[in-house]
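Undergrad: Starting off with a structure, shown below.
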Amino acid sequence: MLGQSIRRFTTSAVRRSHYEEGPGKNLPFSVENKWRLLAMMCLYFGSAFATPFLILRHQLLKK
């Protein structure tokens, strides 16, 4: 009896957990607006590129 109720709960939980399908729907950010996506990617990759230079500048200016 307990096993049946657990099985019923898990199958109903799986049925309720449907998500949207299609290109870009499984990403943690939206790809619908290409200009916002471009700005976010430039910010992300630009900050990763600039970090070593900013650290170097900080170390050189330190007294």
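One-based numbering along the chain as shown.
Including glycine, each Cβ sits where the backbone N, Cα and C put it.
Features from Swiss-Prot:
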type: TRANSIT; residues: 1-16; note: transit peptide
type: TOPO_DOM; residues: 17-33; note: topological domain 'Mitochondrial matrix'
type: MOD_RES; residues: Lys25; note: N6-succinyllysine
type: MOD_RES; residues: Lys25; note: N6-acetyllysine
type: TRANSMEM; residues: 34-60; note: transmembrane segment
Undergrad: Other than its close neighbours in sequence, what residues sit by the transmembrane segment (34-60), given a CB gap under 8 Å and a spacing of at least six beyond its ends?
TA: none
Undergrad: With a Cβ cut-off under 8 Å, give me the same-chain residues at least six positions beyond the ends of the topological domain 'Mitochondrial matrix' (17-33) that come close to it.
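TA: Same-chain residues near the topological domain 'Mitochondrial matrix' (17-33) but 6 or more away: 40.
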Undergrad: If you draw a 10 Å sphere around the Cβ of Lys25 (N6-succinyllysine), how many other Cβ atoms fall inside it, taking every protein chain shown into account?
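TA: Around Lys25 (N6-succinyllysine), other Cβ atoms within 10 Å: 10.
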